[in-house]
Amino acid sequence: MEDLQLILKKEPKYRLKQVKEAVYRDLIGNWDFALTLPLSLRKQLNEKLPLEIKAEIFDSRDQKTTKALIELQDGNKIETVLMRYSEKRNTVCVSSQVGCPLSCTFCATGKMGLIRNLTADEIVNQVLLFGRIMKKEEDKVTNIVFMGMGEPFLNYDEVIKAIKILHDPEGMNLGIRHFSLSTSGITEGIEKFALEKMEVNLAISLHSPTQELREKLMPIAKKYHLTELFKAIQSYQKITRRKVMFEYLMLQDLNDSMDQALQLSKLLRGLSCMVNLIPYNETGVYKASSTQAINNFRRILEDNYIEVAQRYRFGEDIKAACGQLAIRKKG
Ligand code: SAH
Ligand code: SF4
(Lines of atoms letter the chains of each structure in order from A and count residues from 1; the text may use other names and numbers.)
(Lines give C-alpha, C1' and ligand atoms only; values in the text may rest on other atoms or scores of the structure.)
(Ligands and ions follow the chains in the order given, each with its own letter.)
Protein backbone atom coordinates (compact mmCIF):
# COMPACT_ATOMS: atom_id res chain seq x y z
CA MET A 1 0.00 0.00 0.00
CA GLU A 2 2.82 2.42 0.88
CA ASP A 3 4.60 1.70 -2.41
CA LEU A 4 1.35 2.16 -4.25
CA GLN A 5 0.67 5.50 -2.61
CA LEU A 6 4.13 6.64 -3.62
CA ILE A 7 3.52 5.67 -7.23
CA LEU A 8 0.11 7.36 -7.21
CA LYS A 9 1.40 10.55 -5.54
CA LYS A 10 1.17 12.66 -8.68
CA GLU A 11 -2.03 11.05 -9.94
CA PRO A 12 -5.56 12.32 -9.36
CA LYS A 13 -7.24 11.09 -6.19
CA TYR A 14 -9.68 8.73 -7.90
CA ARG A 15 -6.83 6.56 -9.14
CA LEU A 16 -6.60 4.72 -5.84
CA LYS A 17 -10.22 3.65 -6.16
CA GLN A 18 -9.63 2.51 -9.73
CA VAL A 19 -6.60 0.54 -8.65
CA LYS A 20 -8.51 -1.15 -5.82
CA GLU A 21 -11.35 -2.03 -8.15
CA ALA A 22 -8.97 -3.55 -10.67
CA VAL A 23 -7.14 -5.63 -8.04
CA TYR A 24 -9.94 -6.73 -5.72
CA ARG A 25 -13.08 -6.64 -7.85
CA ASP A 26 -11.83 -7.39 -11.35
CA LEU A 27 -9.10 -9.60 -9.85
CA ILE A 28 -6.56 -8.80 -12.54
CA GLY A 29 -3.27 -10.69 -12.51
CA ASN A 30 -1.38 -8.14 -14.58
CA TRP A 31 -1.68 -4.35 -14.70
CA ASP A 32 -2.12 -4.48 -18.50
CA PHE A 33 -5.71 -5.47 -17.77
CA ALA A 34 -6.41 -2.36 -15.67
CA LEU A 35 -8.06 -0.62 -18.57
CA THR A 36 -9.18 2.39 -16.55
CA LEU A 37 -5.55 3.35 -15.87
CA PRO A 38 -3.34 5.24 -18.31
CA LEU A 39 -0.84 3.11 -20.22
CA SER A 40 2.22 4.72 -18.65
CA LEU A 41 0.90 4.05 -15.16
CA ARG A 42 0.14 0.42 -16.00
CA LYS A 43 3.71 0.03 -17.21
CA GLN A 44 5.11 1.61 -14.07
CA LEU A 45 2.95 -0.57 -11.85
CA ASN A 46 3.98 -3.72 -13.71
CA GLU A 47 7.60 -2.82 -13.08
CA LYS A 48 7.36 -1.71 -9.47
CA LEU A 49 4.37 -3.63 -8.09
CA PRO A 50 3.86 -6.75 -10.20
CA LEU A 51 0.62 -8.59 -9.43
CA GLU A 52 1.87 -12.03 -10.30
CA ILE A 53 1.63 -14.58 -7.47
CA LYS A 54 3.98 -17.52 -7.91
CA ALA A 55 2.19 -20.73 -7.02
CA GLU A 56 1.90 -24.41 -7.79
CA ILE A 57 -1.72 -25.58 -7.86
CA PHE A 58 -3.05 -29.01 -6.90
CA ASP A 59 -6.66 -30.15 -7.38
CA SER A 60 -8.23 -32.98 -5.40
CA ARG A 61 -9.73 -35.88 -7.31
CA ASP A 62 -13.28 -34.76 -6.56
CA GLN A 63 -12.40 -31.21 -7.70
CA LYS A 64 -13.79 -29.74 -4.50
CA THR A 65 -10.47 -28.82 -2.97
CA THR A 66 -7.60 -26.89 -4.49
CA LYS A 67 -4.31 -26.33 -2.73
CA ALA A 68 -1.82 -23.65 -3.66
CA LEU A 69 1.83 -23.87 -2.74
CA ILE A 70 2.77 -20.21 -2.88
CA GLU A 71 6.32 -19.00 -3.21
CA LEU A 72 6.90 -15.76 -1.33
CA GLN A 73 9.32 -13.12 -2.50
CA ASP A 74 12.05 -14.32 -0.16
CA GLY A 75 11.73 -17.88 -1.46
CA ASN A 76 9.82 -19.20 1.56
CA LYS A 77 6.73 -21.24 0.77
CA ILE A 78 3.28 -21.42 2.31
CA GLU A 79 0.14 -23.39 1.60
CA THR A 80 -3.40 -22.13 1.13
CA VAL A 81 -6.49 -24.22 0.50
CA LEU A 82 -9.77 -23.53 -1.27
CA MET A 83 -12.80 -25.60 -0.34
CA ARG A 84 -15.85 -25.54 -2.59
CA TYR A 85 -18.56 -26.39 -0.05
CA SER A 86 -21.56 -25.55 -2.20
CA GLU A 87 -22.62 -23.26 -5.00
CA LYS A 88 -22.89 -20.43 -2.55
CA ARG A 89 -19.91 -21.12 -0.36
CA ASN A 90 -16.27 -21.15 -1.38
CA THR A 91 -13.95 -20.93 1.57
CA VAL A 92 -10.28 -20.04 1.51
CA CYS A 93 -8.21 -21.39 4.39
CA VAL A 94 -5.31 -18.96 4.78
CA SER A 95 -1.97 -19.24 6.52
CA SER A 96 -0.85 -16.56 8.95
CA GLN A 97 2.76 -17.65 9.46
CA VAL A 98 5.45 -19.60 7.61
CA GLY A 99 5.44 -22.62 9.92
CA CYS A 100 4.31 -22.32 13.54
CA PRO A 101 6.27 -22.15 16.79
CA LEU A 102 3.74 -24.02 18.93
CA SER A 103 4.63 -27.65 18.11
CA CYS A 104 1.24 -29.26 18.73
CA THR A 105 2.05 -32.95 18.62
CA PHE A 106 -0.64 -33.84 16.04
CA CYS A 107 0.07 -31.05 13.54
CA ALA A 108 2.41 -31.22 10.55
CA THR A 109 2.90 -27.44 10.52
CA GLY A 110 3.96 -27.57 14.17
CA LYS A 111 6.88 -29.81 13.21
CA MET A 112 8.33 -27.07 10.99
CA GLY A 113 8.88 -24.58 13.77
CA LEU A 114 8.40 -20.89 13.02
CA ILE A 115 10.21 -19.46 10.04
CA ARG A 116 8.57 -16.05 10.05
CA ASN A 117 5.32 -14.13 10.30
CA LEU A 118 3.46 -13.25 7.12
CA THR A 119 2.71 -9.65 6.21
CA ALA A 120 -0.88 -8.52 5.71
CA ASP A 121 -0.18 -8.33 1.97
CA GLU A 122 1.02 -11.92 1.91
CA ILE A 123 -2.18 -12.98 3.67
CA VAL A 124 -4.35 -10.96 1.28
CA ASN A 125 -2.46 -12.37 -1.72
CA GLN A 126 -3.53 -15.89 -0.76
CA VAL A 127 -7.14 -14.80 -1.16
CA LEU A 128 -6.45 -12.87 -4.36
CA LEU A 129 -4.88 -15.94 -5.92
CA PHE A 130 -8.03 -17.97 -5.28
CA GLY A 131 -10.24 -15.03 -6.24
CA ARG A 132 -8.57 -15.14 -9.66
CA ILE A 133 -9.05 -18.91 -9.91
CA MET A 134 -12.72 -18.63 -8.90
CA LYS A 135 -13.28 -15.87 -11.43
CA LYS A 136 -12.26 -18.24 -14.21
CA GLU A 137 -14.94 -20.60 -12.89
CA GLU A 138 -17.41 -17.69 -12.91
CA ASP A 139 -17.63 -17.97 -9.17
CA LYS A 140 -16.14 -16.18 -6.18
CA VAL A 141 -14.56 -16.55 -2.78
CA THR A 142 -17.19 -16.08 -0.07
CA ASN A 143 -15.56 -17.13 3.23
CA ILE A 144 -12.15 -16.91 4.85
CA VAL A 145 -10.86 -19.10 7.66
CA PHE A 146 -7.55 -18.51 9.45
CA MET A 147 -6.93 -22.22 9.85
CA GLY A 148 -3.93 -22.76 7.61
CA MET A 149 -0.33 -22.69 8.75
CA GLY A 150 0.50 -20.74 11.86
CA GLU A 151 -1.09 -19.23 14.95
CA PRO A 152 -2.96 -16.06 13.91
CA PHE A 153 -2.77 -14.47 17.38
CA LEU A 154 1.03 -14.65 17.29
CA ASN A 155 0.86 -12.41 14.22
CA TYR A 156 -1.99 -10.30 15.53
CA ASP A 157 -1.50 -6.94 13.82
CA GLU A 158 -0.93 -8.26 10.32
CA VAL A 159 -3.90 -10.63 10.61
CA ILE A 160 -6.22 -7.79 11.65
CA LYS A 161 -4.85 -5.61 8.86
CA ALA A 162 -5.51 -8.36 6.33
CA ILE A 163 -9.09 -8.84 7.56
CA LYS A 164 -9.70 -5.10 7.21
CA ILE A 165 -8.36 -5.05 3.64
CA LEU A 166 -10.45 -8.06 2.63
CA HIS A 167 -13.55 -6.65 4.29
CA ASP A 168 -13.15 -3.12 2.86
CA PRO A 169 -16.13 -2.33 0.60
CA GLU A 170 -13.69 -0.76 -1.87
CA GLY A 171 -11.56 -3.90 -1.66
CA MET A 172 -12.84 -7.47 -1.77
CA ASN A 173 -15.92 -6.52 0.18
CA LEU A 174 -16.20 -9.83 2.03
CA GLY A 175 -18.82 -9.83 4.78
CA ILE A 176 -17.21 -9.61 8.21
CA ARG A 177 -19.26 -12.55 9.51
CA HIS A 178 -17.79 -14.65 6.74
CA PHE A 179 -14.40 -14.64 8.48
CA SER A 180 -13.39 -17.20 11.09
CA LEU A 181 -10.21 -17.25 13.07
CA SER A 182 -8.89 -20.26 14.94
CA THR A 183 -6.50 -19.96 17.87
CA SER A 184 -4.73 -22.53 19.98
CA GLY A 185 -5.80 -20.44 22.96
CA ILE A 186 -3.52 -17.40 23.22
CA THR A 187 -5.45 -15.54 25.91
CA GLU A 188 -3.96 -12.08 25.26
CA GLY A 189 -5.07 -12.44 21.66
CA ILE A 190 -8.61 -13.43 22.64
CA GLU A 191 -8.90 -10.46 25.00
CA LYS A 192 -7.55 -8.02 22.44
CA PHE A 193 -9.73 -9.44 19.70
CA ALA A 194 -12.83 -8.81 21.82
CA LEU A 195 -12.10 -5.10 21.65
CA GLU A 196 -11.79 -4.92 17.86
CA LYS A 197 -15.52 -4.53 17.38
CA MET A 198 -15.33 -6.97 14.49
CA GLU A 199 -17.96 -9.64 14.13
CA VAL A 200 -15.44 -12.26 13.08
CA ASN A 201 -16.15 -15.83 14.26
CA LEU A 202 -13.75 -17.09 16.87
CA ALA A 203 -12.75 -20.75 17.08
CA ILE A 204 -10.69 -22.22 19.91
CA SER A 205 -8.65 -25.39 19.51
CA LEU A 206 -9.54 -27.21 22.70
CA HIS A 207 -8.94 -30.91 21.94
CA SER A 208 -9.16 -32.00 25.57
CA PRO A 209 -11.40 -31.31 28.57
CA THR A 210 -8.51 -31.62 31.02
CA GLN A 211 -5.38 -29.58 31.59
CA GLU A 212 -3.17 -32.67 31.82
CA LEU A 213 -4.01 -34.15 28.44
CA ARG A 214 -4.19 -30.77 26.74
CA GLU A 215 -0.61 -30.07 27.79
CA LYS A 216 0.48 -33.33 26.21
CA LEU A 217 -1.20 -32.53 22.92
CA MET A 218 -0.45 -28.81 22.83
CA PRO A 219 2.67 -27.68 24.69
CA ILE A 220 1.39 -24.06 24.64
CA ALA A 221 -1.35 -25.17 27.08
CA LYS A 222 1.32 -25.11 29.82
CA LYS A 223 1.52 -21.36 29.39
CA TYR A 224 -2.22 -20.79 28.94
CA HIS A 225 -4.01 -23.00 31.46
CA LEU A 226 -7.57 -24.12 30.82
CA THR A 227 -8.85 -21.95 33.67
CA GLU A 228 -7.15 -18.88 32.20
CA LEU A 229 -8.40 -19.78 28.75
CA PHE A 230 -11.99 -20.01 29.94
CA LYS A 231 -11.69 -16.74 31.82
CA ALA A 232 -10.54 -15.08 28.60
CA ILE A 233 -13.41 -16.66 26.66
CA GLN A 234 -15.92 -15.46 29.24
CA SER A 235 -14.62 -11.93 29.08
CA TYR A 236 -14.64 -12.12 25.26
CA GLN A 237 -18.28 -13.15 25.36
CA LYS A 238 -19.21 -10.47 27.86
CA ILE A 239 -17.93 -7.86 25.45
CA THR A 240 -18.96 -9.33 22.10
CA ARG A 241 -21.99 -11.47 22.98
CA ARG A 242 -20.78 -13.85 20.30
CA LYS A 243 -20.96 -17.60 20.29
CA VAL A 244 -17.57 -19.32 20.15
CA MET A 245 -16.68 -22.53 18.39
CA PHE A 246 -14.54 -25.17 20.06
CA GLU A 247 -12.51 -27.41 17.81
CA TYR A 248 -12.05 -30.91 19.17
CA LEU A 249 -9.77 -33.29 17.34
CA MET A 250 -10.93 -36.91 17.67
CA LEU A 251 -7.94 -39.08 18.65
CA GLN A 252 -8.43 -42.77 19.24
CA ASP A 253 -8.16 -43.84 22.89
CA LEU A 254 -6.75 -40.47 23.86
CA ASN A 255 -9.57 -37.95 24.06
CA ASP A 256 -12.60 -39.80 22.66
CA SER A 257 -14.00 -41.70 25.65
CA MET A 258 -17.50 -41.40 27.09
CA ASP A 259 -16.03 -40.00 30.29
CA GLN A 260 -14.22 -37.29 28.37
CA ALA A 261 -17.42 -36.41 26.52
CA LEU A 262 -19.09 -35.94 29.89
CA GLN A 263 -16.19 -33.89 31.20
CA LEU A 264 -16.34 -31.72 28.10
CA SER A 265 -20.10 -31.23 28.51
CA LYS A 266 -19.51 -30.08 32.06
CA LEU A 267 -16.73 -27.73 31.07
CA LEU A 268 -18.87 -26.05 28.41
CA ARG A 269 -22.12 -25.94 30.35
CA GLY A 270 -23.73 -22.53 30.22
CA LEU A 271 -21.39 -21.13 27.54
CA SER A 272 -22.80 -19.90 24.27
CA CYS A 273 -20.85 -22.24 22.03
CA MET A 274 -20.75 -25.08 19.60
CA VAL A 275 -18.30 -27.96 19.33
CA ASN A 276 -16.77 -28.96 16.04
CA LEU A 277 -15.60 -32.57 16.12
CA ILE A 278 -12.67 -32.85 13.76
CA PRO A 279 -11.62 -36.15 12.24
CA TYR A 280 -7.88 -36.50 12.79
CA ASN A 281 -5.87 -36.41 9.61
CA GLU A 282 -3.02 -38.75 10.18
CA THR A 283 0.36 -37.08 10.47
CA GLY A 284 2.15 -40.18 11.70
CA VAL A 285 1.63 -39.75 15.43
CA TYR A 286 -1.82 -40.80 16.64
CA LYS A 287 -4.73 -42.79 15.29
CA ALA A 288 -8.01 -41.27 14.23
CA SER A 289 -11.12 -42.16 16.26
CA SER A 290 -13.55 -44.58 14.66
CA THR A 291 -16.81 -43.25 13.24
CA GLN A 292 -18.61 -45.12 16.00
CA ALA A 293 -16.53 -43.40 18.70
CA ILE A 294 -17.18 -40.01 17.12
CA ASN A 295 -20.92 -40.70 16.95
CA ASN A 296 -21.05 -41.84 20.58
CA PHE A 297 -19.07 -38.81 21.69
CA ARG A 298 -21.38 -36.57 19.75
CA ARG A 299 -24.48 -38.14 21.26
CA ILE A 300 -23.28 -37.51 24.81
CA LEU A 301 -22.60 -33.86 24.06
CA GLU A 302 -26.01 -33.48 22.44
CA ASP A 303 -27.73 -35.22 25.34
CA ASN A 304 -26.16 -32.49 27.46
CA TYR A 305 -27.60 -29.79 25.20
CA ILE A 306 -24.33 -28.92 23.53
CA GLU A 307 -24.51 -27.98 19.87
CA VAL A 308 -22.23 -30.17 17.76
CA ALA A 309 -21.04 -30.10 14.18
CA GLN A 310 -18.83 -32.61 12.44
CA ARG A 311 -16.17 -31.34 10.12
CA TYR A 312 -16.16 -32.70 6.61
CA ARG A 313 -12.80 -33.93 5.36
CA PHE A 314 -11.49 -31.93 2.43
CA GLY A 315 -8.60 -32.67 0.13
CA GLU A 316 -6.84 -35.51 1.90
CA ASP A 317 -5.49 -36.86 -1.38
CA ILE A 318 -3.52 -33.66 -1.98
CA LYS A 319 -2.45 -33.26 1.67
CA ALA A 320 -4.64 -30.20 2.03
CA ALA A 321 -6.68 -31.28 5.05
CA CYS A 322 -6.41 -29.67 8.50
CA GLY A 323 -3.01 -30.13 10.06
CA GLN A 324 -1.43 -31.57 6.93
CA LEU A 325 0.08 -28.33 5.69
CA ALA A 326 3.85 -28.37 5.89
CA ILE A 327 6.67 -27.40 3.64
CA ARG A 328 9.79 -29.48 3.63
CA LYS A 329 13.04 -27.58 3.78
CA LYS A 330 14.95 -27.19 0.55
CA GLY A 331 17.94 -29.39 -0.24
N1 SAH B 1 -2.92 -22.40 14.94
C2 SAH B 1 -4.34 -22.30 14.95
C3 SAH B 1 -4.95 -22.31 13.58
C4 SAH B 1 -4.36 -23.24 12.57
S5 SAH B 1 -4.62 -24.95 12.85
C6 SAH B 1 -4.94 -23.37 15.84
O7 SAH B 1 -4.22 -24.30 16.23
O8 SAH B 1 -6.13 -23.28 16.15
C9 SAH B 1 -6.36 -25.13 12.41
C10 SAH B 1 -7.04 -26.33 13.05
O11 SAH B 1 -6.52 -27.56 12.51
C12 SAH B 1 -6.83 -26.40 14.55
O13 SAH B 1 -8.03 -26.65 15.23
C14 SAH B 1 -5.88 -27.57 14.68
O15 SAH B 1 -5.96 -28.15 15.94
C16 SAH B 1 -6.36 -28.47 13.57
N17 SAH B 1 -5.41 -29.53 13.25
C18 SAH B 1 -4.07 -29.52 13.39
N19 SAH B 1 -3.54 -30.69 13.00
C20 SAH B 1 -4.58 -31.47 12.61
C21 SAH B 1 -4.68 -32.79 12.08
N22 SAH B 1 -3.60 -33.53 11.88
N23 SAH B 1 -5.91 -33.26 11.78
C24 SAH B 1 -7.00 -32.49 11.93
N25 SAH B 1 -6.96 -31.23 12.42
C26 SAH B 1 -5.78 -30.73 12.76
FE1 SF4 C 1 0.46 -24.27 15.29
FE2 SF4 C 1 -2.20 -24.61 15.16
FE3 SF4 C 1 -0.52 -26.50 14.23
FE4 SF4 C 1 -0.71 -26.07 16.84
S5 SF4 C 1 -2.34 -26.81 15.49
S6 SF4 C 1 1.20 -26.32 15.71
S7 SF4 C 1 -1.00 -23.87 16.93
S8 SF4 C 1 -0.77 -24.45 13.44
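Cβ atoms are placed via backbone N, Cα and C, with glycine included.
Summarising the annotation, TrEMBL assigns active site, proton acceptor to GLU79. If you take the C-beta of GLU79 (active site, proton acceptor) and look for same-chain residues 6 or more apart in sequence within under 8 angstroms, you find LYS67, ALA68, LEU69, ILE70, SER95, GLY148, MET149, ALA320, LEU325, ALA326, ILE327.
Around CYS322 (active site, S-methylcysteine intermediate), a 10 Å sphere centred on its CB holds 25 further CB atoms from the protein chains shown. Annotation source TrEMBL lists active site, S-methylcysteine intermediate at CYS322.
The annotation [4Fe-4S] cluster binding site is assigned in TrEMBL to CYS100, CYS104, CYS107. Here the Cβ of CYS107 ([4Fe-4S] cluster binding site) has 25 other Cβ atoms within 10 Å, regardless of which shown protein chain they belong to. Secondary structure from DSSP puts CYS107 ([4Fe-4S] cluster binding site) in coil.
With a 10 A radius on its CB, LEU206 (S-adenosyl-L-methionine binding site) counts 29 other CB atoms from all the protein chains. Under the heading S-adenosyl-L-methionine binding site, TrEMBL lists GLY150, GLU151, SER182, SER205, LEU206, HIS207, ASN281.
Within the model, the domain 'Radical SAM core' (86-317) shows a mean pLDDT value of 96, rounded to a whole number. Residues or ranges marked as domain 'Radical SAM core' in TrEMBL: 86-317.
Only GLU151 of the recorded positions listed as GLU79, GLU151, LEU206, HIS207 bring a Cβ under 6 Å of any atom of ligand 2; the order follows the sequence. Separating the Cα atoms of CYS104 ([4Fe-4S] cluster binding site) and SER205 (S-adenosyl-L-methionine binding site) is a whole-number distance of 11 Å.
Excluding CYS100, CYS104, CYS107 themselves, the residues of that chain whose CB lies within 8 A of the CB mean position for the [4Fe-4S] cluster site are, in sequence, LEU102, SER103, PHE106, ALA108, THR109, GLY110, LYS111, GLU151, SER184, MET218, GLY323. GLU151 (S-adenosyl-L-methionine binding site) sits 12 Å from CYS107 ([4Fe-4S] cluster binding site), taking the C-alpha atoms as the reference points.
Closest by Cα distance to GLY150 (S-adenosyl-L-methionine binding site), from the recorded positions CYS100, CYS107, CYS322, is CYS100. On its own chain, ASN281 (S-adenosyl-L-methionine binding site) has ALA288, ARG313, GLU316, ALA321, CYS322, GLY323, GLN324 as residues at least 6 apart in sequence with a Cβ closer than 8 Å to its own Cβ.
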